[in-house]
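Taken from Swiss-Prot as is:
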| type | residues | note |
| --- | --- | --- |
| BINDING | G613, P614, N615, M616, G617, G618, K619, S620 | ATP binding site |
Amino acid sequence: MNTKISEHTPAMQQYLTIKEDFPDLLLFYRMGDFYELFFDDAKKAGALLNITVTARGKIRGKPIPMAGVPAHALENYLAKLVKQGMSAVICEQVGEVGKGLVERAVTRIITPGTLTDENLLDEARDSILLSLFCFQNNYFFAYADITRGDFQLTMGLNEQELQSEIERLRPAEILMPETANVPAFITALKPHRQPDWYFDSDSSYRLICEYYQTTTIDGFGIAPDDPALSAAGCLLQYLHDTHKYHLPPLKPLQKQHDHQYLLLDATTRRNLELEYTLNGESKHSLIATINRCSTAAGVRTLKRWINQPLIQHEYILERQEAVTALLTHADLDEIAKTLRATADIERITTRIALQTAKPRELAQLRDTLMQLPAINALLQTSAAHSPLLAAATQALMHCPQLGDLLMKALVEAPPLTLKEGGIFAAGYLPELDALHELTDHSAQLLEKMEQEEKAQTGLNTLKIGFNRVHGYYIDIPRSQAANAPAHWIRRQTLKNSERYVTESLKTLEERLLNAQDEALALEKQAYTELLITLDKQRDDLYRLATALAESDVLTCFARLAKEHHYCRPQFSNQIEIQITAGRHPVVEQLSAQPFIANDLVLHQKRQLLILTGPNMGGKSTYMRQTALIVILALAGSYVPAKEARIGRINRIFTRIGASDDLAGGRSTFMVEMTETANILNNADEHSLVIMDEIGRGTSTFDGLSLAWAVADHLLQKNRALTLFATHYFELTALVERHQHGANIHLSAAEDQEHIVFLYHIEEGATSKSYGLHVAKLAGVPQAVIHNANAKLRQLEEKRVPQRAHQALLPIESQKPSLSPQIKNILQQIQEINPDELSPKAAHEWLYQLKTLVRDLDKNEL
């Protein structure tokens, strides 16, 4: 669009002037009953929303592209845009519609990370706005969920740690400096570039102090030169840009510390399918499978707890004690039923602060507040045995006066929007009641005035009427005009009657005609005042919302434990994981067959387990269930096992499955080695490592050598608790030579034609993978199976056990053999006594030695 604004029509000039302030956002421009988009915005909207792109007028002979959506359907279209990561500006008609150009102004800015509208948010997900800043090769970021008031900073992260946090948070929107270079995985998320000055450290510090109305941030426990403050400053500036009238309420700024939570990198999160399965769906993920929550806020809290398990045992035990107390003393079904009737207080509280809460949401808040005594009663007995539940019940008692206020203020079923009116209950506002009396009983009031005038004048034939020209009037026959009182004012003379008005009739007319507008204005003012009153209790409401959500998750854990016979895990200060009859929490619920439970023992004297067994025998399931049991335990849940004992585990690593990275230009094997390198460089004795079939992406000897070296490194250097699944039977020799390793295998039974997977862990190794049996089960043609069997027998006959055994000995035990020539040279050197050699003899000996070396075969050097 290379035209001057002055070349356009007045309406289009107005559009372009507003658009200049929002070049990267889609501008929805209100024109009558539609919101219109023009030029490139129209083309983008047409593609994104699947709407028709037409034209409206021309400029320099070329049509101006235009697309539009009906005003009543705007929210549906905005929801579609937000799901695609797009942002939009809503420009409304704010002036009177009449002659000339209608005044318009931007009333809303919609971006994925700053949403608070109920119909645009996913109720089951946190809505994260993240601001990213790079300083001295480390990444610092601030993130906020304005729907719940959270505002956090992170420590400096490397690229892998950043990717892990992005995977955990899954931000709705990312902000970053205009000129910054970032990893490819950030670029793929389409971050919104912001001016570099938004990240200026001094400006950011001032902006944070202004927001919290302080002169320093020392009270937050954050250093004034912390680079993450630059990210926080940008985030606040962005909120200023998108919320011009009311800034979202944010709780005091907090800094997140690694030592509080179990570290899970992005690969591990994906491999363990915590929130999404490997195909990208939430169904059949761990969270979806264990979710028994009754509220949306509970689901969001459950996701946070599973995605960020605790590692400090005292806090985990608080949750455990609450689950135990609920299991022992509470009616879990009744608690769940009562919680289902509660509203999303967390998000309603934010909308109250922003003055965007709808009347119906206040009614939901009222009804929830009225439910609190019942919820409290259901939790009371359990709370006596749990400090966490006791604190929750205290929080539930903070807002009784708000419930009483809303009961008095609101009608039983308020309208959806404020402009519909009829929000407040009778008796709450006497002035409003009087206006409603006017609008609801106008006919009776006119009838009453008519009777009063008849009584005062004796004119029994007078009537009060109305027309659009003259409004309300008193009508009497012309024959009685002489008897009209002096204070009557003649309005109109007709053939058979005279029409008059009185001051009282004009006053009543004005009141009747204006009553509805006055009532709406009064309701709007009273509604704003009600929101301000409610917002004064914001902190109490947030605490109440947290108490309800956490009680919901704890009840979810208790119901899950009761339904599926989970046990309460024990914790120790040792480095260990010991599980008796452990089960996979997802597979056991999805399988129609009884799940085969298995034991696991890992500790400092049994650090690494080489796991062998048949394809499809359950190796991956066994390893994943171990990691999931640890995560559930650290989240505060009971676990699917008969017994479990978890030591000091601070981090989980996984290397499972095979996939390439086409976008990043990495082969399957390169991905495998990158993930392996991450584990070898970062795992320590407090880590749980899951390794599945290392080395299968290359040649047999390369793969076997790598697998051996990796396992050896994990045993001797990392000393992490490790499950190492492999089809290289030769690896079983490694742990036979190392006192801190052991072999285990998954058993199977076979005859000549069939195999039965027993899915049971046994001590020791197995040399068979039963790959041909699995191929047969998969439907591979019989001729191929026959040829494969023949080739297998041929290869097994050619196997040289001694050579394979020698190849896999530890490097230090493999002594190279020397040729006779080298042995001869070494022997001659050993026989020389340097002290007895004359200079001439020494010189001759050097020449002789040089001749001997020259005669050696080059391959023997």
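Including glycine, each Cβ sits where the backbone N, Cα and C put it.
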Densest Cβ environment (other Cβ within 10 Å) across the binding-site residues G613, P614, G617, G618 belongs to G613
Name, in the order they occur in the sequence, the residues of the same chain whose CB lies under 8 A from the CB of M616 (ATP binding site) and which sit 6 or more residues away. F757, V774, L777
Other C-beta atoms that fall within 10 angstroms of the C-beta of N615 (ATP binding site): 18
Could you name the residues, excluding G613, P614, N615, M616, G617, G618, K619, S620, of the same chain that surround the ATP site, i.e. Cβ within 8 Å of the Cβ centre of those residues, in sequence order? L746, F757
Near S620 (ATP binding site), how many other Cβ atoms are within 10 Å of its Cβ? 18
Measuring CB to CB from K619 (ATP binding site), give everything in the same chain under 8 Å that is also at least six residues away in sequence. L611, G613, D692, A725, L746
